[in-house]
Amino acid sequence: MLEKFCNSTFWNSSLLDSPEVDLPLCFEQTVLVWIPLGFLWLLAPWQLLHVYRSRTKRSTTTKLYLSKQVLVGFLLILAAIELALVLAEDSGQTTVPAIRYTNPSLYLATWLLVLVIQHSRRWCVQKDSWFLSLFWILSILCGTFQFQTLIRMLLQGSNYNLAYSCLFFICYAFQILILILSAFSEKDDSSNNPSLTASFLSRITFCWYDSIILKGYKQPLTLEDVWDVDDEIKTTTLVSRFETCMARELPKARRAFQRRQQKNSQRSSGARLDGLTKNQSQSQDVLVLEEAKKKKEKSGTTEDFPKSWLVKTLFKTFYFILLKSFLLKLVHDILMFLNPQLLKLLISFANDPDTYLWTGYLYSILLFIVALIQSLCLQYYFQLCFMLGINVRTTIMASVYKKSLILSNRARKQYTVGETVNLMSVDAQKLMDVTNFIHLLWSNVLQISLSIFFLWRELGPSVLAGVGLMLLLIPVNGIIATKNRKIQVKNMKNKDKRLKIMNEILSGIKILKYFAWEPSFKNQVHNIRKKELKNLLTFGQMQSVMMFLLYLTPILVSVVTFSVYVLVDSRNVLDAEKAFTSITLFNILRFPLSMLPMVISSMLQASVSIDRLEKYLGGDELDTSAIQHDCNFDKCVQFSEASFTWDQDLEATIRDVNLDIMPGQLVAVVGTVGSGKSSLMSAMLGEMENVHGHITIKGTIAYVSQQSWIQNGTIKDNILFGSELDEKRYQQVLEACALLPDLEVLPGGDMAEIGEKGINLSGGQKQRISLARATYQNSDIYILDDPLSAVDAHVGRHIFNKVLGPNGLLKGKTRLLVTHSIHFLPQVDEIVVLENGTILEKGSYSSLLAKKGSFAKNLKTFMKREGPEEEATINEDSEEEDVYGLMSSVEEIPEDVVSLTLERENSLHRTLSHRSRSNSRHLKSLKNSLKTKNVNTLKEKEELVKGQTLIKKEFIQTGKVKFSIYMKYLQAVGWYSIFFIILAYVINSVALIGSNLWLSAWTHDSKTFNGTNYPASQRDMRVGVYGALGLVQGIFVLIANLWSAYGFTHAANILHKQLLSNILQAPMSFFDTTPIGRIVNRFAGDISTVDDTLPMSLRSWILCFLGIISILIMICTATPAFIIVIIPLGAIYVSIQMFYVATSRQLRRLDSVTRSPLYSFFSETVSGLPVIRAFQHQQRFLKHSEVLIDTNQKCVFSWIISNRWLAIRLELVGNLIVFFSSLMMVIYRDTISGDTVGFVLSNALSITQTLNWLVRMTSEIETNIVAVERINEYINVENEAPWVTDKRPPAGWPSKGEIQFNNYQVRYRPELDLVLKGITCDIRSSEKIGVVGRTGAGKSSLTNSLFRILEAAGGQITIDGVDIASIGLHDLREKLTIIPQDPILFSGSLRMNLDPFNNYSDEDIWKALELAHLKSFVANLQLGLLHELTEGGDNLSIGQRQLLCLARALLRKSKILIMDEATAAVDLETDHLIQITIQKEFSHCTTITIAHRLHTIMDSDKVMVLDNGKIVEYGSPDELLKKSGPFYFMAKEAGIETVTSTAL
């Protein structure tokens, strides 16, 4: 039929059976033309429909589009010309075959269709259609055959239709041009992300990414350089898709969960009913008991929650990506098994000289094409998998964040902030990792079964021996892996312990320096580190054995299989085809077998994470149905029979409250500690669970919480809290909240940056900023939960008058104020007295006093307690130096005098440059200084003030890691070790080459002997040597690994030692400017990289590198001509590597830099939830978190693409190596035998993966060596003066305790001003000195100078005639004693806290405890002196901690005592005890007291008044009170007239 159609032969197989192979022209003109056309016509309608549906606005016409259309137009013209020619010819006599009409007509229609398709793409974002590109490729490939046939015909001189041939050639050239043009991408105006507009060819080769790689190579990438991800995978889109699916799945799971609960309760109630008795009341009791029992059981058993919905939901959300990647992986796996078959064909081609040469070329080209398609499929598959991974991670992170905003309080209580952040970081990451491997589950099984099938075909049943061995080794590996996991768990515990100690050391570094305790703590850390390293070494040895087995597996398997094959039957002779095909198959089999256990274990890990996420995301949400908002209500707030509880299992905290609050009222809520004041506020905010009753609210709410919540950002951002800036109101709020004086002290004013959790502000400042935040928001109702607790009396009065009181900024608003300050009560409209969650009495101040109820009684006892101290603290230091917000709230109700929160001490705010306010030299009362100072003067100095950004920006390394860092690490490993490790690896490579050559010689035997006359001795020798060489490889890998485990552990040890000893010797200023987290990070992340990750990368790198070298050597020995190919390929490889590593490294850094703000923002949100909910700012926070996630996502996305970009190029290099080596085999077929071909190609086929691995490892090492760089940065931090010098002080020094200051000057950091400006004074032996002065006067600097925490900038201090700057720091610090302002303790035994070096006997310690009034307390403890303290001594009260610090001082008994007096951290009794003990026990000492309350120093011998770094007055209190100087005014303000009036 087709013969008639063409008028020539359609198919003739004899044409193939000649060295000059060709296809019949008819076949080329029919089948090969119709294949591409059919493809196009089948897909076109579907494509056009798709374009029509998803069209966007039409884009402008570009040159590229025009040139494509013009070229297709030319093709159209050519087809028309051809048709015209045929018609002209037909009118002549000759009969023209039908094919000559049909093809041009088909082409005419096709080119028209192409024009339409190309035009329709103007409405798409992506201008180039993938199926058109495929059509051009197909058309060109199929045209090649006709092209060469026509050329041959012309060369043979047959003038067959010259015109037709010319037309065909021109047409063919145009098609190639169009294909080249369609490789270019067209930009689109609407999207700046080139991945969307990239053409098909650019997409599959990732060429669109070139620009970033180039940019990253030229200069380090910044966040702006990285493209945003497309809207398809932006957080908002993903989450909305996820939530749609979740809305379907979660209710199903909840129903299933309820059914489970019913079943369980039926079971238990069935059992219960049997036991019930007649009496109803009794049964009630039984029920109550049962409930209690059930509760116990419940806490014991695993809790139940809606399960197994998350996986389904994720699957439904992302099924499309999963499907695409499944298909790609399937194609890849099937193609993988074509390689060994083609190899087999090539070997048989080389062994048979009669085969035509063209078959060899065909096999080579096929090998290359198969490899190419395989690479493209694999890379695109990986791309999809990783994309899926990021999408899952993003979805989980955003959903967890969203859930955290609406989680009920009861559900929230089950998670600490850390645990919630973990859900976001760790669990989301685990899921991401698992989605990358998800397809390996079925793919591994497929690969294993296919390998075994093909091996069986080669070697028959003897394969089972090899496979059996592989299976045997899996459990062995499993056992080692579980052992390893145990070691790792142990090590994690050690690491946690070590980090806990490190954290404490760094938090309490000041105390360690004051007491010269560093060596003791250093030893503690070293002891833990020793255990850790011992485990590390064991881990390394186990790992080595595992590597040894993994490495040995393929060698052993091939040895065993071949031996069995040869020995089973004497007719079995191992020839090249069998041997090398089998080896390639064994290499394929090795990967899935090693991956399967890994996949399964990561699946198990992920299942744990999925459970945790299901529990969290399926948790109860906040139920605010009991809070009704009604805008037409006459009252502002109304409680109707309202009872609320924090947990439905517990009894109600707020009970049957009825309360009406009118608009514009100021209501004070008072009551003892724990009476439910804060709970009442929380109930209004909807934070509690409703029992019965409801609350009606009219209007918006602003809230100030008791524990102020501050965001990391500027002060201005904190106050505006997302609102617009209204400059006038803003200034009013600042003034009213008494923030102006603070803004003057803080560098940069309101643009000063606040650290995390407000770390560099005092408690009072934090409280006032959160008050300012609420005041600035123009709300209707203000809920103020004790905002005056952390500020002192006069500031409190100022705030009450200016903000809260009848004439304050908030007058006319409804205000609910929880307070302990009784002197404000006369000014409020109504007072509500709470007791045990119920309202005891309410009414105005006068009516309550007239009632003479409990309120009036409490008030009386109170008035007696209030001494003349009413305004005592005004003298100085009001609250800013009081870094912890421990302002005394003496106005506490008597039931417990001290109920204060101690906030973490932070010396940070001291380092905020003390631009001491010179204008406050004349000590004015704080009341004046609160008058508005013009803040705008600060605004003029827009540039950063010195010291404004307190925390130095963390140094992000850019560019290449210096060579010296590598040298430092290798030096730590030890040069001998390195030499022997490399030597062992080299011997291993030599053995590898040897065994390959031996195998090739062995297979050569099959030509000399056939099965019958193969001598047994020869056979045994072959098997024996092959096995021995295999064993040598394994043993040397084992030796190298064991040695390297030892070397790398040694390096880890050395680096940690250097880091620790250097950090402990760093000066205090280093700790002031470096956040603790950053230092801890060096000890956590970076040390763990040096412990675990870096050694692995280095080992793999050496193995890969030597592996590649040995393969190349083998190929070159077989065909020396291959060297010519290697050189250009090597150059390409190295350049790709250079480009990639620069970009990848920077992207990794950007990833970690964008990831940490995400987690810290999340933990900030979780801790500030009540505030965010009260202000109704959930949406704003959600938006912000989405922006942060997207920023991080774009970095990860870019990094993944960069990996694919690299892999596709490397695979191309690898494929070219395979292609050229197979070409060489074909070209030199006369000189090369089949066994060499097998030997070369089976190695070349494995090179692609190794090449890929090598670059991956190089960039891993580059990334990980950064850890060494960061550790090195802190090893080289400058140290303080040496601890002990050659000049030792005389024994028994200081015997008198005389201190002389001689024109002494000091500054905090070189760039800041002097803090002490030339102090000169003499302190005689055993004098008692009190030091007073305002904030920033330099009082603390005085103590720091004595201990040489600050080194002199001029002048000197001598103690008993010895200049303190001339001796070692420890010699000095051990001889002085300080009772610090903040009682810092360390976790460990009580004894260790008093005497870490074990210098004293138990009697001494008991004596000191007795003097410190702690003896009875410690004696009553179960373990006595060995009582374990928790972190920071949290299991003791603040008073007890202060007394312990006193005991420390008593134990030391040195001649000089410095007391930095605690500000109200202790109640009056403890305070009294401390004063008496000090007077008695330290009477013979020289005592310097830094005072915050004047009455404590009225009995001292001399008073030193400091201001602005100079001594203003110095003399006995009596003298100073007689002069009307600064001290006199302070005393007057504190209500102290004479020295006697202060007796306690």
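Including glycine, each Cβ sits where the backbone N, Cα and C put it.
The feature domain 'ABC transmembrane type-1' is assigned by TrEMBL to 325-605 (among others).
Annotated domain 'ABC transporter' per TrEMBL: 637-861 (among others), in sequence order. Within the model, the domain 'ABC transporter' (637-861) carries an average pLDDT of 86.
According to TrEMBL, the domain 'ABC transmembrane type-1' annotation covers 979-1263 (among others).
Feature annotation from TrEMBL assigns domain 'ABC transporter' to 1299-1533 (among others).
Look at TrEMBL and you will find 258-284 tagged as region 'Disordered'.
What TrEMBL records for 70-87 (among others) is transmembrane segment.
Summarising the annotation, TrEMBL assigns transmembrane segment to 99-117 (among others).
As annotated by TrEMBL, transmembrane segment applies to 129-150 (among others).
Among the features that TrEMBL reports, transmembrane segment is placed at 162-184 (among others). For the transmembrane segment (162-184), the list of distant contacts is 64, 67-68, 71-72, 74-75, 78-79, 81-82, 85, 128, 132-133, 136-137, 139-140, 143, 146-147, 150, 153-154, 199-202, 207: same-chain residues at least six beyond its ends, Cβ to Cβ under 8 Å.
Annotated transmembrane segment per TrEMBL: 317-338 (among others), in sequence order.
Same-chain residues lying 6 or more positions outside the transmembrane segment (358-382) and placing a CB less than 8 Å from one of its CB atoms are 19, 21, 204, 206, 325, 328-329, 331-332, 335-336, 338-339, 342-343, 345-346, 349-350, 439, 1203-1204, 1207-1208, 1211-1212, 1214-1216, 1218-1219, 1222-1223, 1225-1226, 1229, 1248. If you look up TrEMBL, you'll see 358-382 (among others) marked as transmembrane segment.
Marked as transmembrane segment by TrEMBL: 437-456 (among others).
Positions annotated as transmembrane segment by TrEMBL: 462-482 (among others).
If you look up TrEMBL, you'll see 548-568 (among others) marked as transmembrane segment.
Summarising the annotation, TrEMBL assigns transmembrane segment to 973-999 (among others).
As annotated by TrEMBL, transmembrane segment applies to 1121-1142 (among others).
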- Query: Are there residues at least 6 beyond the ends of the transmembrane segment (129-150) whose Cβ is under 8 Å from a Cβ of it, and what are they?
  - Reply: 22-23, 25, 28-29, 32-33, 35-36, 39-40, 43, 47, 114, 117-118, 121, 165, 168-169, 172, 175-176, 178-179, 182, 199-201, 203
- Task: Could you tell me what the rest of the chain brings near the transmembrane segment (317-338), counting residues at least six beyond its ends with Cβ under 8 Å?
- Result: 238, 241-242, 245, 370, 373-374, 377-378, 380-381, 384-385, 387-388, 391-392, 395, 438-439, 443, 446-447, 450-451, 454, 588
- Are there residues at least 6 beyond the ends of the transmembrane segment (548-568) whose Cβ is under 8 Å from a Cβ of it, and what are they? 455, 459-460, 462-463, 465-467, 469-470, 473, 476-477, 480, 574, 578-579, 582-583, 586-587, 590, 593-594, 995, 1019, 1022-1023, 1026-1027, 1030-1031, 1033-1034, 1037-1038, 1041
- Query: Who are the chain neighbours of the transmembrane segment (462-482) in space, where the CB to CB distance is under 8 Å and they lie at least 6 residues beyond its ends?
  - Reply: 452, 455-456, 542, 545-546, 549-550, 553, 556-558, 560-561, 564-565, 568, 586, 589, 593, 596-597, 601
